[in-house]
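Some features that TrEMBL has for this protein:
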{"type": "TRANSMEM", "residues": "6-24", "note": "transmembrane segment"}
{"type": "TRANSMEM", "residues": "45-66", "note": "transmembrane segment"}
{"type": "TRANSMEM", "residues": "72-91", "note": "transmembrane segment"}
{"type": "TRANSMEM", "residues": "98-118", "note": "transmembrane segment"}
{"type": "TRANSMEM", "residues": "138-156", "note": "transmembrane segment"}
{"type": "TRANSMEM", "residues": "168-191", "note": "transmembrane segment"}
{"type": "TRANSMEM", "residues": "203-222", "note": "transmembrane segment"}
{"type": "TRANSMEM", "residues": "234-254", "note": "transmembrane segment"}
{"type": "TRANSMEM", "residues": "260-283", "note": "transmembrane segment"}
């Protein structure tokens, strides 16, 4: 029952996140089409999307307290498949054959993930988290991760290498620390709510600091990737790298597959593969939406209103010049 509750919570939360992102994009599109544009934070629709996003993230956080990391992380595919079909309602997009095929693969993979995921009940106390932090597998894993991250950071900072794989690998390495900290914090809060106080241990606050710090830098590099590359490239690659790093960190830190049968491990990995393939199929050849702005925004120009049409029609002989051009406008 606990496993089922965690799965439903994670799936519902990711579905809410996909709804929230589509609502926010819908709000931005509506504001852009207005004759008197106003800031997005003045839109009630945008705030509705932000509220749903917050609820989704809180639900995801809570799910880590019920089920293993190896199960929560792959369920992020629900937000990808949900976003593809919800955009049909909110953004009036058409359903492609690739969306149906990708959705089928993702649903099948998700079913295998839920059925064959590790389901041993595990109450994480503060003392257990302390023991895991100083265990030799995690120490070796941490050293290798730090070395890899430093090498990638060197190429990013010193050599100005901003390839999508460099950026998203740094995001994935940080994400592995994030999911470790999130599960530890969520579990200790859950136990404290049940009457077994865990919030007096220093490791609880260490994990909160680790969670906040890794999240902040994760968002920084992810924003850089979305700025330089199309979302159709960033979303599937980030999902695969994030899920892989989360599963590895769960296996090493929390020993989630320690007593699992070989067939269960194989079927779980096969479910992950199907989910990855489904996400790539959905994102493949998906065109980005570009807003059709009827004028070129040149900022504030003397003698011109901000909402006025500055650029003449492209078929006009005056194309490339300003209307009523004079010295002050120049």
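Backbone N, Cα and C define each Cβ position, glycine as well.
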For the transmembrane segment (260-283): best-contacting stretch of 72-91, 98-118, 203-222, 234-254, by Cβ pairs under 8 Å: 98-118
Long-range neighbours of the transmembrane segment (98-118), counting only residues six or more past its ends (CB under 8 A): 3, 7, 11, 67-68, 70-71, 74-75, 77-78, 80-81, 84-85, 256-257, 260, 264-265, 267-268, 270-282, 284-286
Cβ-based contact of the transmembrane segment (168-191) with the transmembrane segment (45-66), 3 or more pairs under 8 Å: yes
Range from 6-24, 72-91, 138-156, 234-254 with the greatest count of C-beta pairs under 8 A to the transmembrane segment (45-66): 6-24
Spatial neighbours of the transmembrane segment (72-91) far in sequence, C-beta under 8 Å, 6+ residues away: 6-7, 10-11, 14-15, 17-19, 21-23, 25-26, 29, 60, 63-64, 99, 102-103, 106-107, 109-110, 113, 179, 235-236, 239, 242-243, 246-247, 250, 271-272, 275, 278-279, 282-283, 289
Tertiary contacts of the transmembrane segment (138-156), as residues 6+ beyond its ends and Cβ separation under 8 Å: 132, 162, 166-167, 169-170, 173-174, 176-177, 248-249, 252-253
Spatial neighbours of the transmembrane segment (6-24) far in sequence, C-beta under 8 Å, 6+ residues away: 45-46, 48-53, 55-60, 62-63, 65-67, 71-72, 75-80, 82-83, 86-87, 89-91, 110, 114
